[in-house]
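J.: Submitted below is the structure of interest, expressed as structure tokens.
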């Protein structure tokens, strides 16, 4: 193990050129992880220092902030829509805009952090989050609120991607499970606490505190990141760095992904799927992504996204199932509160508390599985078991109706929570085990991108299924048929209307429609989980005992210093 850690990496193992450019190897030179990495007989000799712990805890706090904001607004949306006189569509966008912008900018953060450094980029992400929080908290109309949520998403996407990249910079592969488990736990705690805190603020104080709550977290980030996240980086000039940016690829990717996600978001909700308002931007988005892939393959000198990260079957399956995992998890977190408020008549706070059986099993499951994989060096079993439990648990959500008892829904939600929690670290190991060290930062960023992509799709497609099913159910009701279209488009605001209605047939009809709409979502999500289970059977096991090679490790770590010096000499040689 010592020789594997101390011997310098051979040419081509660090992201350097195997052919012409510094970061543009040809497909014929792609190496497998077994060919590319230093394999050790046991995990690397890794001892966390105090500074390491403080850096990780800072990243965990920032992750908690992002996770809170991803869900904190969901339960409060009916109140916010009423206060700002917004429509159900605007309320829908208040949730979706955060996920959309958080998704499309993640690959850019990864690429730019490779050029400008991890620390400057994470500080930039925190600044975007601060701007969005202030604008959202001070908003007096829905337009400003949406701008604030969008800027929060830009910052949140950067924090999410860079947190995972930095962990791969600092921790050997096999030992990353517990650290990714901590980050997953923060996501779980934030995701489940968000609706509770949002509901409490909107009900007892003011919805504006949903945004102001971020300010202490942001303060911690501004102080702790410069103090403890002092990482190695290449000593090149700003002009040299700016020349390396893939400007065309960045613009095309962000524009095309946005153009694709927006119609997917409003299809069947704001406009019909057959409407030109849906089809035109969707077509432009797909065409733009094709142009992007061609440009990155044949023309980009230093691509925004390295296409070599897709060379492995296991990596490709990990990306695909991560999209589905994100869709399922966020659909459950986002639409269950609507079910509990409208159908069960719970207050926003109680609706948030009702998510505990699912969300609070995610964190311990993620941590335990991360530790088990670190101990055994095996991850494939946990992916298959995780998807099995997720498929079963999501399928059981179909049993939710107006008369479902508390005991029933608690035990049903426990199953899916454990399954989805297991998948967080397990799929990370599969992806990173199948990726080479030179591509690892880009692979991790794309993994984060695909998860956020799934989150955005989950909220959007879940909303489309929910509202379309509700419209169909109300059209079948003589009492509500003439109002079906209007009520279905304003289903978030309708929660308050249902809760204020006196008990009777009319109220029960609307509650039944809500329950049936949620069950329609459960059917689709169960099918997606089943597809993921089948795909997971084709994931390959890779050796996790890999030596750490980091370009941007802590400044006082000898290996990272040597790495930075080697890269600096290579850059001078290439520029000369």
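Using N, Cα and C of the backbone, Cβ positions are placed for all residues, glycine too.
Annotation source TrEMBL lists region 'Disordered' at 1-42, 555-576. Taken from TrEMBL, the feature transmembrane segment covers 52-77, 89-109, 121-139, 145-167, 179-197, 209-233, 278-295, 316-337, 349-374, 381-400, 406-428, 440-466 (among others). Look at TrEMBL and you will find 55-544 tagged as domain 'Major facilitator superfamily (MFS) profile'. For 558-576, the entry in TrEMBL reads compositional bias 'Basic and acidic residues'.
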J.: In this predicted model, what is the average pLDDT of the domain 'Major facilitator superfamily (MFS) profile' (55-544)?
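T.: Overall, the domain 'Major facilitator superfamily (MFS) profile' (55-544) comes to a mean pLDDT of 87.
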J.: Can you tell me which recorded stretch out of 89-109, 121-139, 278-295, 381-400 has the most Cβ pairs within less than 8 Å of the transmembrane segment (316-337)?
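T.: Per the Cβ count, the answer is 381-400.
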J.: Test of understanding: applying the rule of at least three C-beta pairs under 8 Å (pairs 6 or more apart in sequence), is the transmembrane segment (406-428) touching the transmembrane segment (52-77)?
T.: no
J.: Which sequence-distant residues neighbour the transmembrane segment (179-197)? Criterion: at least 6 residues beyond either end, Cβ under 8 Å.
T.: 56, 59-61, 63-75, 163-164, 167, 171, 210, 213, 333, 337, 348-349, 351-353, 355-356, 358-360, 362-364, 366-371, 421, 424-425, 428
J.: For the transmembrane segment (440-466), which partner among 121-139, 145-167, 349-374 gives the most CB pairs under 8 Å?
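T.: Answer, by Cβ pair count: 145-167.
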J.: By Cβ distance under 8 Å, which residues at least 6 away from the ends of the transmembrane segment (145-167) in the same chain are close to it?
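T.: Distant contacts of the transmembrane segment (145-167): 55-56, 59, 62-63, 65-66, 69-70, 73, 80, 84, 86, 90, 93-94, 97-107, 109-110, 113, 118, 121-122, 124-137, 139, 176, 179-180, 183, 211, 214, 229, 231, 428, 441, 444-445, 447-449, 452, 552.
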